[in-house]
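Undergrad: Please see the structure below; I have some questions.
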């Protein structure tokens, strides 16, 4: 089977809609602005509408051909603004894809390269003197279609929530603590514009990624999650990475970073970008390092600049740039338990020490801003000196870099370049809030984007759990996007199942943070599932969960028959001791007698007391034995 057919076969595995779900759309002010949602139809006739990141892959009626890529949603919007130009772009060079491959790979890789070349569209860039960033438009009072799209997406369909959020006393009791965030009851396009203009939110949307469905990352919006994919020098293929992308967005990844460090970096990225409805981020220094044979000391500004333009032309939406790793800070890591653990950070530290000067990234930061604003690539200012163990959390190296990132944020904003700040890492629970406080203090409310943090270091194989604890906390405190951690963290490259486990763990963390912040409507899905649980609507419980497949599988391990899907008990308590069944019986008893539940409980207790006395007052009663 040739490579494209293999890709098509892989993707067919994840094209099924979720159970009882269908795609619906919120219509914007123009015919080409349609925001996808996932609607779950419940067995009681209700419909629950959910935020959807899966793109067209879960819509059965849409034909998907990975060799052609997804529809270009934003092309009409880009054309109307008339501030970009299509040009020839740089030529794809052999160096872009790294070292020569083994002979057994050559034919397959060459076919993938040819198909990827067909996928790549002629690139756009800003016209001379123009700035095409969403921040630039926002600061001029312009509401772009991307901003309206974000507003509709953040609000979703609110009608179904009224039943669950209409009890004013309960809502007052359960109201969240936004921890200083200013979350509106309804997100308007103008609110999105204002948040982007202030730098408190970004809309990562490169003009060369027209397939992207716009989304926002910001403290006053829903907490988002990022999933990492990418090949390495020792394992994984282009096909596997495209499949991981589709798999990741199925389970709820809002953004995906391609962290490829091995061969075929450019070609892998072509396949990913043209088939991605979510923003794609990269760490450009990884590819630049491949271009110099892995020797950090041989990196130059010219090579790095060429790599930035290469990736911007392909459509990468945000770059992790380790501009805060400065020569004066490197010695601060000498006494650490685990030193410098960031790959990008260690590359730049080695370069700085070798040349005994500030990094070319720091020195050329304004030149980088010129590239970013020509394509609307967002900065993700990397935490190259983040702590790699709890023992190193909140040290001077970490916070010295953070202060520098705050300074660079203001430089980026001078150019109207959208910017977010990356954060740790490994931080014990009692030290997490200090990270958020320091970031807000020094980085001027630019969105915070954290890897976890992991709260303990003794959980290899379970680091997705150890980090989801920290992620939920820092998400509540104000982090805008959480970078997932998989069970393979610190151990190996994640496979398909690891990706799912990491995403589900982080969807839990992000949702818990939204509920704690009191985000409007965040708790409605919980209430809908709780209602289904109380009414023993098992299929609805499964289908409203973050992972319907696992929920159903666990239930069916002990009660596999279809009849069990309508049973008023589960295998935990059995039919006689189900607390919810007992509660329902009390309510039925009260309704039959026209009394309150409290009165029913009192009457029931009196009845049982009378039966106890009539039976002789014995605690233990011998069972009747059938001698027949």
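Note: Cβ is positioned from N, Cα and C throughout, glycine not excepted.
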Undergrad: Can you match one of 179, 257, 473 to the substrate site that Swiss-Prot gives for 228, 286, 322, 342, 343, 344, 383, 384, 385, 386, 422, 449?
TA: 257
Undergrad: Long-range same-chain neighbours of residue 426 (Zn(2+) binding site), Cβ under 8 Å, sequence gap at least 6?
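TA: 386, 387, 388, 389, 390, 392, 393, 452, 453, 454, 457 - these are the non-local Cβ neighbours of residue 426 (Zn(2+) binding site), listed in sequence order.
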Undergrad: If you count the C-beta atoms lying within 10 Å of each candidate's C-beta, which of the binding-site residues 386, 490 ends up with the smallest number?
TA: 490
Undergrad: Please work out the number of neighbouring Cβ atoms within 10 Å of the Cβ of residue 228 (substrate binding site), leaving out its own Cβ.
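TA: Residue 228 (substrate binding site) is surrounded by 24 other Cβ atoms within 10 Å.
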Undergrad: Mind checking which of 286, 449 has the fewest other CB atoms within 10 A of its CB? They're the binding-site residues.
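TA: So among 286, 449, the binding-site residues given, the one with the fewest Cβ atoms within 10 Å is 286.
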Undergrad: For residue 342 (substrate binding site) and residue 490 (Zn(2+) binding site), what Cα-Cα distance in Å is obtained after rounding to a whole number?
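TA: With the alpha carbons as reference points, the distance is 12 Å.
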Undergrad: Once the DSSP letters are reduced so that anything not helix or strand counts as coil, what is residue 286 (substrate binding site)?
TA: helix
Undergrad: Could you state the CA-to-CA distance between residue 286 (substrate binding site) and residue 490 (Zn(2+) binding site) to the nearest Å?
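TA: Roughly 19 Å, rounded to the nearest whole number.
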